[in-house]
Amino acid sequence: MSLGRLDSWKQQYYSTSGVVVGYALCSSLLAIINKYAITKFNYPGLLTALQYLTSALGVYVLGKLGILHHDPFTIPTAKKFFPAALVFYLAIFTNTNLLRHANVDTFIVFRSLTPLLVALADTAFRGQPCPSNLTFLSLLLILASAIGYVATDSGFTLTAYSWAFAYLITITTEMVYIKHMVMNLGLNTWGFVLYNNLLSLMMAPFFWFLTGENVQVFAALRSGIFDPAAFYAVSLSCLFGLLISFFGFAARRAVSATAFTVTGVVNKFLTVAINVLIWDKHASPVGLVCLLFTIVGGVLYQQSVTGAVSAPAQPKQLDIENNKGGGIGGGGGGDDDDFAGESDGTGKLISR
């Protein structure tokens, strides 16, 4: 091997490794950072609005610098995309309140339940074939593990689980509807992120007044109380939401779909491990075992459907499901438990 070729190989190796490590760190830490942010800054509407602003502005600036390409923002396209953005906003809204009232483990369990409902919705409303035997068994494992987690959750509260079920319904609706919307509009991934976040930012003030959060925020501003910890938590949350957009999309280009999926699974285990180590806001030992089986069921599900996705459609489907656009719990380009973007959303850009 010539010296020039060796140097090129080393450069590519370290570049790919850096991208994958960056994605793994952002994805595994994001849910915990968002939980910390909502604990220190108890204004979920304003917090998500700041994340929408960071992600939308980041995509716009990076587009101007020529680092990425996004579809131009136009009023006719925005009108067509608005219903999808509304569903996305509701998914992030319920997601935020779930993290506000429950621990990170509960979020991961309910996020892992989405393949079950998405498979049912695809079959019932989109004319997709029934799941294969392996897919069905993996979905049953996810469901049984989730039931076991709920049954052993000592921190069970009606408020937390009401938000959990509301999140499950909205994120499932968003995942199914977004597939339909994006395929019809033909937006590229960064265009999808821009429209999702910018339209969500425009909707945020309406929900501030609807929930009465504007009164709380104005009262806090009048009191003049400034918590540096809240400022750092919010800044870190917004930064990671944007970083996971970059690292998520870069990792997809740098490694195979299988390697990216494996990285996403490892990220979930890292999130659980870090959550257990840094504070006491986590599930019981039995609940953690059920959580791990839920993740295993997700791995089996991913393996069972990978071969069923046609080659031309696979990249677009992965982009839609896993890159959600910014927001609490995840910026765009992350794995499937990102809120905003995870959304994993996503798209996890959440999205997740």
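Using the three backbone atoms N, Cα and C, a Cβ is placed for every residue, glycine included.
Model, not experiment: these values are computed from the prediction.
Of all ranges given (212-229, 284-301), TrEMBL attaches the label transmembrane segment to 284-301.
Averaged across the domain 'Sugar phosphate transporter' (25-301), the predicted model reaches a pLDDT of 82. Here the transmembrane segment (49-69) does not touch the transmembrane segment (284-301). Their Cβ atoms form fewer than 3 pairs under 8 Å, with each pair 6 or more residues apart. For the transmembrane segment (284-301), the residues of the chain that approach it from at least six positions outside its boundaries are 105, 108-109, 112-113, 115, 134-135, 137-142, 144-146, 148-149, 152-154, 265, 268-269, 272, 276, judged by C-beta separation under 8 angstroms.
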